[in-house]
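Engineer: After the structure tokens below, expect a handful of questions from me.
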Amino acid sequence: MLLFALGFLLVILQPSTGQFPRVCANVQSLLSKECCPPWDGDGSPCGELSSRGSCQNILLSQAPLGPQFPFSGVDDREDWPSVFYNRTCRCEGNFMGFNCGECKFGFSGPNCTERQVKTRRNIFQLTASEKNKFLAYLNLAKSIPSQDYVIATGTYAQMNNGSNPMFRDINVYDLFVWMHYYASRDTLLGGSNVWRDIDFAHEAPGFLPWHRVFLLMWERQIQRITGDENFTIPYWDWRDAEDCEVCNDEYMGGRHPTNPNLLSPASIFSSWQVICTRSEEYNSQQALCSATSEGPIRRNPGNNDKSRTPRLPSSADVEFCLSLTQYESGPMDKMANYSFRNTLEGFADPQTAISNPAQSGLHNALHIYMNGSMSQVQGSANDPIFVLHHAFVDSIFERWLRRHRPMLEVYPAANAPIGHNRENYMVPFIPLYRNGEFFKPSRELGYDYEYLQEPALQSFQDFLTPYLQQARQIWAWLVGAAAFGGIVTAVLTGLIRACRKKKGGTSSEIQPLLIESEDYNNISYQSNF
């Protein structure tokens, strides 16, 4: 019934964030390479008449890239999004969106001037009604077509350089599955050739900022389609878990009674169909995932390769990872040592921070442990556990940011793998976001985590209260000490004055030297700490 109740909210959909804006997926926009749609509020491109933004040339980073991708001009994602568009809306102030019709993350109100911070909560701390609402929202997103975005079903070359657009509709949930696929897919080199050592969302510095944006966009999209502006993604704290605690029919789906690789028929997710899971098939056909259904979600938690992932991550693993002071190091890919990013992503040992791609730790360990749809990178977002998992990974990233307080310059400006430099735009997002823009505390982006919140003092009086209470307890002692000190001071003063009168006639010749003259100039008043 909840799904039917939410259905009517489709009519209030507003522009959102995603991949190719529907209004720009046409011959005119592709041939002109311009995506500057009008804002409904005033009808002008990018809301220029209302000073929201203007149509501008895209400024691409010229910083050198790492050696991992030895090609140029063979992949539509290079210098994103310039293959498709070289002019887009550049929004002013707190405005955002492909037509500057939205507010930046962390702002709201008609003029985007109201700051807001929402709280992501542990899924096990939700009430039954909150948890059921979350599950219903997921199911709703799987059934509602995206109003603002479409996906590409062919490369730019297959589109005859824009004269033959190849796009199709997609539901809201699968839009994000497709974006995750598109960012991590192999490069198609023609014939049967592909280049696998490329990923715009993983195995490099952008891994954490990219998924941070991904979750913020996903969160906002759910808020849009449901009308629930207070919705936030819950997280699953998997530290020290002995098994998949969310893998039951009350939460994300239990195990099928006769086929351990499938979900229980009692779960709403058992009827979901996955997309973008057949990478070898796409590669052999030199084609993109077209988002056609490819079967049910597969999951068999715990029956994974124990030699690669012997257990779920522990609290000690997380704490060691947080102690690492370098965000990135060395080649800035999955071979990086002593890198916080690489250790959290799971390519480095969570006890030594030494790269070991043969093992899967922390983030990667969860994916491998699920032993199904979530274990294959390109299609991993098909399993709704994905968002719970990545919300918690993002919270660990947030803990590191708060503990080490890095400057923006800590994020690599150059020589990272393709797409991962600080000023590179993230693939495949339109509107455009740079990696470095999300290397900042979450509260600046409008959200926090329940378990990271510190008890806030209600007022300055709350701050002073404990000190005032201590002062009351020792007040009598302080008064007594002050009186006694006054008496002692008076007695000593009298004695000193009497002594001075008796010694008043003593010549300077018989006064002892307090310091030798030759040592006087060597005195230092510097403190040594």
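Glycine too: its Cβ is placed from the backbone N, Cα and C atoms.
Automated prediction, rather than curation, is the source of TrEMBL annotations.
As listed in TrEMBL for this protein:
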- 202-219: domain 'Tyrosinase copper-binding' (DOMAIN)
- 383-394: domain 'Tyrosinase copper-binding' (DOMAIN)
- 287-313: region 'Disordered' (REGION)
- 1-18: signal peptide (SIGNAL)
- 474-496: transmembrane segment (TRANSMEM)
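Help me picture these features in the structure, burial and contacts included.
Structural biologist: Taking Cβ pairs closer than 8 Å, the domain 'Tyrosinase copper-binding' (202-219) reaches residues 16-18, 105, 176, 179-180, 183-184, 231-233, 327-328, 332-334, 341, 344-345, 347, 377, 387, 390-391, 393-394, 397, 411-412, 416-417, 419-421, 424, 426, 429, 433, 435-439, 442, 445, 447 in its own chain, all 6 or more past its ends.
Tertiary proximity for the domain 'Tyrosinase copper-binding' (383-394) is limited to same-chain residues at least six positions away from its ends with a CB under 8 Å from its CB atoms, namely 120, 123, 138, 208, 211-212, 214-215, 218, 233-238, 244, 246-247, 252, 269, 297, 299, 344, 362-363, 366-367, 370, 372-374, 442.
For the region 'Disordered' (287-313), the list of distant contacts is 151-155, 168, 170, 174, 177-178, 181-182, 185, 188, 238-244, 247, 253, 255, 260-263, 269-278, 350, 358-362, 364-366, 368-375, 378, 382-383, 385: same-chain residues at least six beyond its ends, Cβ to Cβ under 8 Å.
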Engineer: For the domain 'Tyrosinase copper-binding' (383-394), provide the mean pLDDT of the predicted model.
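Structural biologist: Averaging the confidence scores along the domain 'Tyrosinase copper-binding' (383-394) gives 98.
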Engineer: Counting by DSSP secondary structure, give me helix, strand and coil numbers for the domain 'Tyrosinase copper-binding' (383-394).
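Structural biologist: The domain 'Tyrosinase copper-binding' (383-394) comes out at 10 helix, 0 strand, 2 coil.
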Engineer: Just to be sure I understand, if DSSP states are collapsed into helix, strand and coil, how many residues of the region 'Disordered' (287-313) fall in each?
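Structural biologist: Secondary-structure composition of the region 'Disordered' (287-313): 0 helix, 1 strand, 26 coil.
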Engineer: Taking DSSP states H, G and I as helix and E and B as strand, how many residues of the domain 'Tyrosinase copper-binding' (202-219) are helix, strand and coil?
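Structural biologist: The breakdown for the domain 'Tyrosinase copper-binding' (202-219) reads 13 helix, 0 strand, 5 coil.
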